[in-house]
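Per TrEMBL, domain 'Aminotransferase class V' is recorded for 42-333. Residues or ranges marked as N6-(pyridoxal phosphate)lysine in TrEMBL: K204. TrEMBL lists R355 with the feature substrate binding site.
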Amino acid sequence: MEVPPPQVLTLPMVVPSKTLMGPGPSNCPPSVLQSLSLPVLGHLHPECTKIMDDIKAGIQYVFQTKNELTLAVSASGHAGMEAVLCNLIEPGDRVLIAVNGIWGERANIMATRYGATVHRLEAALGTNFSLTEFEDAIRQHKPVLLFVVQGESSTGIYQPLEGLGLICHKYNCLLVVDTVASLGGVPFYADRWGVDAVYTGSQKVLGAPPGITPISFSPKAKERIFTRKTPIKVYYWDMTILGDYWACFGRPRVYHHTISATLLYGLREGLSLVAKEGMENVINRHRMCMERLHKGIRALGLEFLVNKESARLPTVTAIKVPDNIDWMVVTGYAMKHYFLEISGGLGPTANKIFRIGIMGYNATNDNIDFVLKVLEEGINHAKEISNSKL
Ligand code: GLV
């Protein structure tokens, strides 16, 4: 062998047990972890395709949709954005992207790469958009699609969506919603709200590992995909063939790629736990945890990035880093002493905020009390360090 076996691989793998209270991934529930050690099945074995059917029903439930083109793509939540934009955009299309954090910025980059003419509707960090702002921008730009993030994890802002589908459809525009960080933390009704394409993260409220992403397209979006004038640019995201692998069109299954059976088990188990608890109860549990967390944050004298209380996302809370302390000392303290993940900002909020996630299995009162105690200790520790430098 010209390249010798790496010595590191002769040593055991180190995987500590941490409490993940950032914006995701969250800790997998024990039954999800157990499911991940089941034997691998072939990607067309009947037992495997039965699990895919179960997952499809679970995704239809969590998105509240009857869309037949509903499946999970084999990649992380961010790939949901890529897959939706890749399928719905043709070169030269006008698209409208609501930008109030990193995910709108990313959608802008992707849509541009697919040849779209991108118009941006912008809001300040920590604020959301009104229906009037959306309608004015749609009327002005006449886009083929509007891209909106329901829960911007980089700022902790929640975007209400009721009424938006009606506005979009009035102007013949498809409504695309990113629910990666929000689904299960706030209500979401794809069909009732007229959402044409939606995706979410497996590794947040659903409690599965990252790497497999629920996604769904309305009949109108499906029609757009099937009547494109140009081929879908990326074969891997092509819903016209991936949909056949997931038996979405009433035709025999056709091989598209070798899906990770292991990730299917994890996602099925995560969806099964949500189905057993009931989506309303899951959402309620997240809201109650958020209220407990926010009460504690106010008691610590800390400030939220999102001023408007009703616009705060239950799953991700953004807290301004107090003046004169180093945020990394706080997050480092939490990790070093407690194996607890508290995150910093992301993209435009980097260095400005802490982000605390309340997601899925981690949404418990005990975890909220734990994170508040460690946050307080960490901030006091960072204050001592910055005072000692004066
Ligand atoms: C990932 O979703 C993040 O917000 O950091």
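Note that Cβ sites are derived from N, Cα and C of the backbone, with glycine treated the same way.
Keep in mind it's a predicted model, so treat the numbers as computed, not measured.
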Cα distance (Å, whole number) from the residue listed as 'N6-(pyridoxal phosphate)lysine' to R355 (substrate binding site): 14
Local Cβ density at the residue listed as 'substrate binding site' - other Cβ atoms counted within 10 Å: 26
Close in space, distant in sequence - K204 (N6-(pyridoxal phosphate)lysine), Cβ under 8 Å, 6 or more apart: P23, G24, P25, S26, G77, V180, A181, L183, G184, T315, G357, M359, G360
Mean per-residue pLDDT computed across the domain 'Aminotransferase class V' (42-333): 98
